[in-house]
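Noted in TrEMBL for the protein shown:
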type: COMPBIAS; residues: 250-263; note: compositional bias 'Basic and acidic residues'
type: REGION; residues: 55-88; note: region 'Disordered'
type: REGION; residues: 247-267; note: region 'Disordered'
type: REPEAT; residues: 89-122; note: repeat 'TPR'
type: REPEAT; residues: 453-486; note: repeat 'TPR'
type: REPEAT; residues: 522-555; note: repeat 'TPR'
type: SIGNAL; residues: 1-17; note: signal peptide
Amino acid sequence: MFCLILLLIILIKPVEPQAGGALPRWQVALLFGAPVALGLGAAYLWYRRRAGEKRAGERKTPEGSASPVQGPRAAAQSEHEDTSPLDRAQAAKNKGNKYFKAGKYEQAIQCYTEAISMCPREQKSDLSTFYQNRAAAYEQQAKWTEVVQDCSQAVEMNPRYVKALFRRAKALERLDNKKECLEDVTAVCILEAFQNQQSMLLADKVLKQLGKEKAKDKYKNREPLMPSPQFIKSYFSSFTDDIISQPLQKGEKKDEDKDKEGEAAEVTGSSGYLKAKQYMEEENYDKIISECTKEVESRGRYTAEALLLRATFYLLIGNATAAQPDLDKVINMQDANVKLRANALIKRGSMYMQQQQPHLSTQDFNMAAEIDSRNADVYHHRGQVTALTLLTLCLMNCQVYGSFCTLEPDLAHCPHCQKDQMYRQAYTGNNPSQVQTAMDGFEDVIRRFPRCAEGYALYAQALTDQQQFGKADEMYDKCIELEPDNATTYVHKGLLQLQWKQDLDMGLDLISKAIEIDNKCDFAYETMGTIEVQRGNLDKAIDMFNKAINLAKSEMEMAHLYSLCDAAYAQTEVARKYGLKPPTL
């Protein structure tokens, strides 16, 4: 998600492969077609040709006949001393092929070496075959350096020699030379028109490894970056039962006084937490962590709230290491407000999922549901982080969510998320009747909650899946009307124009508008980069991907972006070395 296929993602962007044989995400940075929506968007590909049967088996056999039976010409060669050097070289190669077939690789190598020494230098096609055959024998002996050397000789004489390029790519992987391995396997993918599963799997594997390595180093050493105000407001709006995101009222009670009628303790002006909440209302987010720290260090009456608010902003700036101790403390405060503890569990559970620790994530969401079963946020966010990875839990979550919606029918946040999970389960399970039921449910939700932008966005996503593009476009327009500063919606609408009308100019204009609204929207930069790859503007694409990398909110997301960037860079190298370019838009 990863293979790295461009998937529908809500809060996280998984880098694991998607079932069903779909192309991984990195291939969108190499292969012709159009990009697909991320975030809350719908995943799609413009173009994917899967012609013919997949090639089976490893490329283990050398070039040329390996039959032990010699033809008339070969028999005649043994009888005449005046045969040509090329004929003698071919005879040595054929003998080597017999040894190779019998598993006698050392003898095969000797024969191929004789063929190379006897072959005229101007016979480059034959020479390249002899070198490639010897590389195949070295491969069976796990002599990876020799494999690379012989394949390099073969490619030098025949730059589009697929067998030699792929064999060298596999040897380079064994030698941990991922960069050059990626370049070779990229060339192979393009030459084979992305029809061979082996080469695509190797490219995917290497891109994952490179992305993870680079992200681990970059994320550990990067400077904290506060997201845009639009992103922060959107994040907090995803919670309906979050105390720390609510305006702080005069007369706010202490935790211990909240259940005692008539005992309201006034918050003093020196409260760090009170100041932090004031800064939130002013969108002065950079000062919130320091004010919360003052509250915590002074052991003020709002210590639990301050810990949770500080942890939340640590998460927002991508510092999960600092966030976890604060979340742990809130969760373990048995006398704290249950809403605070449940919220901390939700955020820690989401953090664990981003760190690819699904077992710990599931434990936290289950605990949150246990201590605060009527909290809509528990079911909503659990569905968000598990919908693409744990279908069984998603179904269970959908059923529990449905029960809660019956209890709290007036919460707009609840029913549209329930319908979204119902739709995902039905769509993934390929159940048309349940899909239609979920679509009808979306209609009901937007009638009941006409001012809820997220409901229109989720419905638009489902409509796009069903190729009801015109109606999806109307839903996105409604989202923009309700939330004109939501950059993500413009990106989704731009992608819709590409899929629906193949209108590249309109799509790019809408995505550019998203960047104008929010210059920290990594989704917009990533999508723009993907489109520029399709257009053949690789340098611009790499620039867009690098901007998105600097804005990534998790190490996993950063690894995915590095994979896209590395795929684009590998294509520039392949174009420079071999003149190979896939078709562009």
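Along the chain as shown, residues are numbered 1 onward.
Just so you know, glycine gets a Cβ as well, placed from its N, Cα and C.
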Counted with DSSP (H/G/I as helix, E/B as strand, rest coil), the repeat 'TPR' (89-122) has 27 helix, 0 strand, 7 coil
Restricted to the repeat 'TPR' (89-122), the mean pLDDT of the model is 97
Residue counts for the repeat 'TPR' (453-486) under DSSP, helix then strand then coil, are 27 helix, 0 strand, 7 coil
In DSSP terms, the repeat 'TPR' (522-555) comprises 29 helix, 0 strand, 5 coil
